[in-house]
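Quick look at what Swiss-Prot lists:
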type: CROSSLNK; residues: K104; note: SUMO2 cross-link
type: CROSSLNK; residues: K120; note: SUMO2 cross-link
type: CROSSLNK; residues: K129; note: SUMO2 cross-link
type: CROSSLNK; residues: K139; note: SUMO2 cross-link
type: CROSSLNK; residues: K223; note: SUMO2 cross-link
type: CROSSLNK; residues: K262; note: SUMO2 cross-link
type: CROSSLNK; residues: K294; note: SUMO2 cross-link
type: CROSSLNK; residues: K313; note: SUMO2 cross-link
type: CROSSLNK; residues: K373; note: SUMO2 cross-link
type: CROSSLNK; residues: K439; note: SUMO2 cross-link
type: CROSSLNK; residues: K445; note: SUMO1 cross-link
type: CROSSLNK; residues: K445; note: SUMO2 cross-link
type: MOD_RES; residues: K120; note: N6-succinyllysine
type: MOD_RES; residues: K129; note: N6-succinyllysine
type: MOD_RES; residues: K188; note: N6-succinyllysine
type: MOD_RES; residues: K294; note: N6-succinyllysine
type: MOD_RES; residues: K445; note: N6-succinyllysine
type: REGION; residues: 2-95; note: region 'Head'
type: MOTIF; residues: 326-329; note: motif '[IL]-x-C-x-x-[DE] motif'
Amino acid sequence: MSTRSVSSSSYRRMFGGPGTASRPSSSRSYVTTSTRTYSLGSALRPSTSRSLYASSPGGVYATRSSAVRLRSSVPGVRLLQDSVDFSLADAINTEFKNTRTNEKVELQELNDRFANYIDKVRFLEQQNKILLAELEQLKGQGKSRLGDLYEEEMRELRRQVDQLTNDKARVEVERDNLAEDIMRLREKLQEEMLQREEAENTLQSFRQDVDNASLARLDLERKVESLQEEIAFLKKLHEEEIQELQAQIQEQHVQIDVDVSKPDLTAALRDVRQQYESVAAKNLQEAEEWYKSKFADLSEAANRNNDALRQAKQESTEYRRQVQSLTCEVDALKGTNESLERQMREMEENFAVEAANYQDTIGRLQDEIQDMKEEMARHLREYQDLLNVKMALDIEIATYRKLLEGEESRISLPLPNFSSLNLRETNLDSLPLVDTHSKRTLLIKTVETRDGQVINETSQHHDDLE
């Protein structure tokens, strides 16, 4: 049985996602061609020829074409040699030429697009090289500059930390000294307060003695007044007695003049008067001496008590002044202590704020370094992706070159002349059933390239029936 199939193919480019990593040394591409042929025993149905090209995972290209074959819609038709229509062959030849022309135009467009894409890739490679050079330069400069800045910042921070530590130690020593002074002053204040209480107790006892002395003096003054009144009364009584005695003496003197023989009473009265005067003078002298002695004693006791009171007042005033001065000194020391504690807290807060700022600066510098590292890694990944795309494009260009060469060689083959067909009269229904199965041919083509050059190419054919 003779069978003939007419097939045509056209290539279309279908771009997938971005190219992934491929091996820079070599890559393999597979071309699978599936051809279906049908025997003339069945209806002359359309035949489909598919060609699938798979390269690196960066892209998938598939070409499909279909050509209309001779078809018989009536199963019982008999083909006769005299009724062959050669216009159908001319139509097929015309369609075949148009298909080949369209394929050439499509291949030319694909070549132009590939050329533009290659130019773009080269431009991107140049830009990538420039960016890599700038990145290396910035990396070298930035690393040294950041390292110097980091070291300088660290030295400054260490110096400030040491200074703050020394200031803190000095302030703590001053605080301890002030605390000791305050404790000593508090002890001294307690002692002074005890002495003040003792002085007040002594002063209270002295006041009681002074009160007792005042009462005794008042009592003595009353006694002196009573004695003075008694002395005045005695003087008055004595004067009256003297007057009476003088009157009696006058009477006796008169009587003496009359009667000379009477006894002399003047001498007796004189003696009595002298006796009374001596007794009165003695009593008066004794009273005056007793009064003077008592008054001297009371005056001495009063002076002594006044001296003790004045001394107690002076001591109390001195103690009060010392207490006030110590209180002022304690208040001043408290203010100084509070000021030093406030300064210490402010220094600690400033130190904490500066330490936090320096930590933020260090963290920011580390983040910048990490960002630069990530950016450098991203540039490297982009460069690697561009290299992978370049390798994939080199593989695709080599594969298209092979396909174009094969297509040109296939196009250059002479077409069969349908006018020379000599068909016998055959009954289509009498064909065996085995011929109704379709024959499938699987072509596996392996192309290995390196740096855009094809170094190995193999093909395998597998036939199976459907």
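Note that Cβ sites are derived from N, Cα and C of the backbone, with glycine treated the same way.
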K120 (SUMO2 cross-link) versus recorded positions K129, K188, K223, K373 - nearest by Cα: K129
Packing count at K294 (SUMO2 cross-link) (other Cβ atoms within 10 Å of its Cβ): 17
Proximal residue to K313 (SUMO2 cross-link) among recorded sites K104, K129, K223, K294 (C-alpha distance): K294
Separation of alpha carbons, K294 (SUMO2 cross-link) and K223 (SUMO2 cross-link) (Å): 11
From K104, K129, K188, K294, K373, the recorded positions whose CA lies within 10 Å of that of K139 (SUMO2 cross-link): K373
Per-state residue totals over the motif '[IL]-x-C-x-x-[DE] motif' (326-329) - DSSP helix, strand, coil: 4 helix, 0 strand, 0 coil
Count of other CB atoms lying within 10 Å of the CB belonging to K139 (SUMO2 cross-link): 14
By Cα-Cα distance, the member of recorded positions K104, K188, K373 nearest K129 (SUMO2 cross-link): K373
